[in-house]
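In what follows, a structure is listed as structure tokens, so that the remarks can point back to it.
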Amino acid sequence: MPIKCDDRHYQINCYDGSQFTVDFEKKICSCRVWDLGDIPCKHACSAIIAQKLVPVDFVDSCYSQEYYRNVYRGSILGTNGPSLWRQTLFVPPLPPNFGRGASRPLKARRRDQEEPKKKGKKRRGKQPMKMKRQQPTVRCKKCGMAGHNVRSCEKRKEKEMNTLTKTKLERKRVKAATDRGKRKRPKKAPQLGQNNPHNHEEEDEELQSLCELIDEYEIPKVSNQPGSTPYQQLQSSMQSRDEN
């Protein structure tokens with residue numbers, strides 16, 4: 001907000017509470033933007049507009065097209081070729097002696113002592129002027145201790161080992177139970193006089209067929225003679241039956 005002091009001076013009150021002074025005669029402002037750049041700042045523009053003038057008229061002449069043309073008004077004349085140069089009695093300039101060094105040639109130019117060093121690749125080694133990066137202390141969420149995280153926590157590893165052992169034992173128990181169930185028990189031969197699921201008529205028919213077979217074929221009786229094998233005893237009994 002411009003406040004007129006006189007025809008040359010203005011006071012500018014900004015919305016953030018800051019205040020600046022503008023002088024039209026000297027073309028200066030207390031913010032020093034107009035002094036350094038020779039272009040009216042925002043405070044000077046507000047004062048110029050309040051005085052119903054054009055801010056472009058207060059720009060320095062170095063930014064005009066006429067000034068730019070005056071700078072490049074002069075011309076650079078051309079030169080003749082080496083064939084038209086004047087010959088002298090002096091020794092002509094010779095190229096410098098070229099010699100390859102023993103070590104690898106340097107690509108970078110030699111810098112001045114006061115010239116700042118260019119930022120390049122990081123070299124190994126201690127840098128005394130560089131501060132170390134401060135990392136926050138790591139704290140475990142499992143046990144609450146500092147210095148390690150959840151992955152490297154010993155309590156977590158112990159718990160995992162216990163759970164693994166428990167699961168292994170449970171698997172072994174389940175496997176043993178399933179193996180027991182898969183084993184086939186030997187079937188017992190049906191005994192006479194017991195309640196069988198089959199009908200009695202089928203049992204009677206089987207008994208009759210067995211009796212008929214026994215009558216047709218006489219089972220040889222094996223004699224218990226000492227010193228003979230079971231095969232020899234069976235063979236002798238078969239021979240005695242044939243003789244009879």
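Positions of Cβ are set from backbone N, Cα and C atoms, glycine also.
Lifted from TrEMBL, the feature list:
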| type | residues | note |
| --- | --- | --- |
| COMPBIAS | 118-133 | compositional bias 'Basic residues' |
| COMPBIAS | 151-161 | compositional bias 'Basic and acidic residues' |
| COMPBIAS | 169-188 | compositional bias 'Basic residues' |
| COMPBIAS | 202-217 | compositional bias 'Acidic residues' |
| COMPBIAS | 222-244 | compositional bias 'Polar residues' |
| DOMAIN | 20-52 | domain 'SWIM-type' |
| DOMAIN | 139-155 | domain 'CCHC-type' |
| REGION | 96-139 | region 'Disordered' |
| REGION | 151-244 | region 'Disordered' |
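Here the domain 'SWIM-type' (20-52) returns a mean pLDDT of 89 for the predicted model.
Look at the domain 'CCHC-type' (139-155): DSSP puts its residues at 2 helix, 2 strand, 13 coil. Counting residue by residue with DSSP, the domain 'SWIM-type' (20-52) contains 14 helix, 6 strand, 13 coil.
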